[in-house]
Amino acid sequence: MRTLNVDLGERSYPIYIGENLLGDAQWFAPHIVGRRVAVISNETVAPLYLETLLGALEGREVTRVVLPDGEAYKQWETLQSIFDALLQDRHDRKTTLIALGGGVIGDMAGFAAACYQRGVNFIQVPTTLLSQVDSSVGGKTGINHPLGKNMIGAFYQPQAVVIDTASLKTLPARELSAGLAEVIKYGFICDEPFITWLEEHMDALLALEPAAVTEAIERSCAAKARVVGADERESGVRATLNLGHTFGHAIETQQGYGVWLHGEAVGAGTVMALEMSHRLGWLSAAERDRGIRLLRRAGLPVVPPADMTAEDFMEHMAVDKKVLDGRLRLVLLQGLGNAVVTGDFPREILDATLRTDYRALADQLGDE
């Protein structure tokens, strides 16, 4: 078992990483202040892991809230059903919410915790690779709006993050690949040696070899903890964590939430960020191609949806949290391992990026 710390002063909290942590009370008890707990999960995860978690909560009064599964349900009506359950069972300010599931559950349970009686404690128990390495750490919570992803929410930190790597054994291959998009991101934005490590261990990660998986999760969480500790509310360096996300969120919104998994959209969006960085002269063709090959080896799409036009992208990218004073800012790379957030680029470079033939680009790289 490994422990990391997100250093935010009095709001600091631990990240526990290990196998079979879910049923062990020692990882939960120090972070629960009252006797009332509400576990928020979904119809896919609850049958697999809820009873195990309840074993760690023995002796407490537990409300179970099981929601529909999927990005399409990350919206106001579902959030309201969490509040309904809390109020019906008379939960008070000493209640602790526990988010048992992937990124959708973590985001919604965290937002519910931020809002309920103006704030109650919550614990993240992420069960997908994507949520383990990204969304469970850092306090971003919220829901989607039909016009834009994650546009309604709050920064609200958990009391702890409990990562049980055993939960990945039931994760579909497509979800595993989606999570690897966020793992790869950390190498691209701030840790070039991690890219080399991922190239050497990608087969082991796809096979869920425990040592490789634990190492990838720990390095990813450590990178995110450093960034969040330096910039909790995304006023500066934290925005670099959104590499590929502006393009990716446009894909998710245009295609319909849940049609593309978040990590899949980020994968294709990262290819677009690599291409734009290359067009600006910040990334060599060899570096761009190296990045695309790694994403493809992870089983991720490296071509945006064929039915999305440049105009579609621009329409959806205009509704993005990184737009300031009407100016679109993007996360781009000035070399692998060095991300920047900038709105200082020629419009024609962005337009050319959106009109690139990514199918031809992928085909010219050949098969692995």
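Yeah, the Cβs are placed from backbone N, Cα and C, and that goes for glycine too.
Record features (Swiss-Prot):
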- 69-74, 103-107, 127-128, LYS140, LYS149: NAD(+) binding site (BINDING)
- GLU182, HIS245, HIS262: Zn(2+) binding site (BINDING)
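Rounded to the nearest whole angstrom, the C-alpha distance between ILE105 (NAD(+) binding site) and HIS262 (Zn(2+) binding site) is 14.
Taking the mean position of the Cβ atoms of GLU182, HIS245, HIS262 as the Zn(2+) site, the remaining same-chain residues with a Cβ inside 8 Å of that point are LEU130, ASP134, ALA181, LYS185, GLY244, GLY248, GLY263, ALA265, VAL266. Using CA atoms as reference points, the binding-site residues GLU182, HIS245, HIS262 were checked against GLY103 (NAD(+) binding site), and the closest is HIS262. Long-range Cβ contacts of LYS149 (NAD(+) binding site) within its own chain (separation 6+, distance under 8 Å): HIS249, GLU252, THR253, TYR257. If you measure from the Cα atom of ASP107 (NAD(+) binding site) to that of HIS245 (Zn(2+) binding site), you get 16 Å. Considering only the binding-site residues GLU182, HIS245, HIS262, the residues lying within 10 A of GLU71 (NAD(+) binding site) on a C-alpha to C-alpha basis are HIS262. Of all Cβ atoms in the protein chains displayed, 29 besides its own lie within 10 Å of the Cβ of THR128 (NAD(+) binding site). Recorded residues ASP69 (NAD(+) binding site) and HIS245 (Zn(2+) binding site) have their alpha carbons 22 Å apart, per Cα-Cα distance.
Cα of HIS262 (Zn(2+) binding site) to Cα of THR128 (NAD(+) binding site): a span of 12 Å. According to DSSP, ASP69 (NAD(+) binding site) sits in a coil region rather than a helix or strand. The sparsest Cβ neighbourhood within 10 Å, among the listed binding-site residues (ASP69, GLU182), is found at ASP69. Neighbour list (HIS245 (Zn(2+) binding site), Cβ cut-off 8 Å, at least 6 residues apart, same chain): VAL266, GLY269, VAL331. LYS149 (NAD(+) binding site) carries a strand DSSP state (E or B).
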